[in-house]
Amino acid sequence: MNFDLSVIPNKNIILGVTGGIAAYKSAILVRRLKDAGFNVRVVMTEGAQAFITPLTFQALSGNPVHTQLLDPEAEAGMGHIELARWADLLLVAPASCDTLAKFAAGLADDLLSTLYLATKAPVWVAPAMNQQMWAAKATQRNLNTLVEDGVHVILPDAGVQACGDVGLGRMPEPEDLALQVTGYFHRAQRAIAEKFGLLAGKHVVITAGPTREAIDPVRYISNHSTGKMGFALAASCYAAGAQVTLIAGPVSLDTPNGVRRINVQSAVQMLDQSMSLLDQGCDVFIATAAVADYRVAEVAEHKIKKAGDELNVSLIKNPDIVATIAQQEKRPFMVGFAAETRNVEEYAAGKLVAKKLDMIACNDVSRADIGFASDENAMIVFFAEQYHMQKRDLEKASKQEIAQQLVEAMHDALHYEAKDFDHD
Ligand code: C5P
C-alpha cells in the first residue's frame, strides 16, 4: 500500500502495548512510526505478551523492549524514570480496560502504569476491546476520568470484532494512528513557529562575503562579493527566532542586530571557524560566501619586489567548505548557493548532489539587475531528492525579501520533509 507521511525528526515515542488481539496491529504501528522518523521504544504489559512476543517489537523498533518495572538490567540502562523523561509522547495502543482502569485510579503496579504517572509527556490511549466491555459503565467512567485528567482518547472504530460481536471497540488501523500522531507533532511545531518564529531554537551558521588569499603581506586575491545576501539572511534568521553566527570575510557591512559575528580573511580560516562551530552544535549551515577556489601555494614573507615583465604565482586548491561540513557525521541541514552565468538550473542541481546539500539557491549572475553588488536578487531553490519538494522560483525582490523566502523554504524542508512510503 502507498501512503504519505510527513517525517518528524528527533521525537521519542513510548508505545505501550496491552493485552488484546489488536496487539498484532501495534507491530505494524511501530513500523509506520519509524517510517515517520520517530524513535520508538515499546513497553509491554504481561497481558500483551500473551498475544505477541517482545522479540517482534524489538526487531521492529530497533530498541530493547521494556516489560518489567524493576528489572535490574533495564534499570541499569534506561530505568523507568529515564524512560518517562525520554518520551515526547506516551501512546498506549491497544489500551485494555484493565490499563485504563489502572490509569484512572492512579495505580502503579506495573511498568506502564508507573510510566503514566511518571511522565510529563502527553498521553494518548487507543482503547480496543469487546463492544460490551467498551459500553460498560465502569469503562466509560474511567475514560471520562482520563479525559478530565488530560489524556487524549482515540475513539475505537465500529465493526466486526475478533469475538464475532459487532459494535464499537476495534482499534483504528495503524496507518490512521500514525497519521494522527504525525499530525499532532506538526500542529505543535507550527504553533511554536507561529509564536516564536520559523527557526525558533535553531543555531544557524552562515558564511558570507569573499575570502582574501594573501600573495604577500600587502597583496591578495579576492572577488567582488559584498556579503549582502549572507548578511540579509543572518538578519532574517535572527528575526525568525534562530541563534545566528555569521562567519564573515572582509566586507564593509554592519553586523545585523542580535547576530554573533566572527571575522575571517582566508578560506582556510573560514573552514576552521566553521568546523569549530559545528562542534558547538549547529542545526543549519548556510554557505553564501564566495570562497576563493585557489590560494597562493607559498605566501611570500616580504613584499614581492617589482622585477622583470612576468611574475608567476603558483596557486593550489582551497578546501570546499560547504562540502566538507556536509561530509561530517553530525551534519547540520546544509544550504548552498550557486551563482552561474549559464545553464543555471542544471549546474545548481549538479552542485546540490555533488556537495551533498539539502537545499541550494541559485541565481543567474549574468543578469546585470541582480546578483553580487545589487540590492536585489531572484533565485531558484532546489531541494535534495529525499524531500520530495518542488523547486521554488523566488521572483526578483530585495535581498531582504529573498532572505525571508529562503527562511520559509528552510523551515518547510526542516519540518515538513515529505516521503513516499511503499509498503508491502
Ligand atoms: O562550487 P561553487 O563555488 O559554485 O559552489 C558554491 C557553493 O559552495 C556556495 O554555497 C559556496 O559558499 C560554497 N563553497 C564553499 N567552499 C568553497 C567553494 C564554494 O563553501 N571552497
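Just so you know, glycine gets a Cβ as well, placed from its N, Cα and C.
Annotated in TrEMBL:
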REGION    1-203  region 'Phosphopantothenoylcysteine decarboxylase'
DOMAIN    11-181  domain 'Flavoprotein'
ACT_SITE  CYS163  active site, proton donor
DOMAIN    199-411  domain 'DNA/pantothenate metabolism flavoprotein C-terminal'
REGION    204-424  region 'Phosphopantothenate--cysteine ligase'
BINDING   ASP293, LYS303, PRO319, ASP320, ILE321, VAL322, PHE337, LYS351, LYS355  CTP binding site
Pairwise C-alpha maximum, in angstrom, for the residues (ASP293, LYS303, PRO319, ASP320, ILE321, VAL322, PHE337, LYS351, LYS355) that bind CTP according to the record: 38
DSSP three-state assignment (helix, strand or coil) for PRO319 (CTP binding site): coil
Nearest-integer angstrom distance between the alpha carbons (Cα) of CYS163 (active site, proton donor) and LYS355 (CTP binding site): 57
Filtered recorded positions, from CYS163, ILE321, PHE337, whose Cβ is under 6 Å from an atom of ligand 1: ILE321, PHE337
Within the predicted model, mean pLDDT of the domain 'DNA/pantothenate metabolism flavoprotein C-terminal' (199-411): 94
Tertiary neighbours of PHE337 (CTP binding site) (same chain, Cβ under 8 Å, six or more apart): MET229, ALA287, THR288, ILE360, ALA361, CYS362, ASN363
For PRO319 (CTP binding site): intrachain residues, at least 6 apart, with Cβ closer than 8 Å: ALA267, VAL268, LEU271
Position of peak Cβ density within 10 Å, selected from the recorded positions CYS163, ASP293, ILE321, LYS355: ILE321
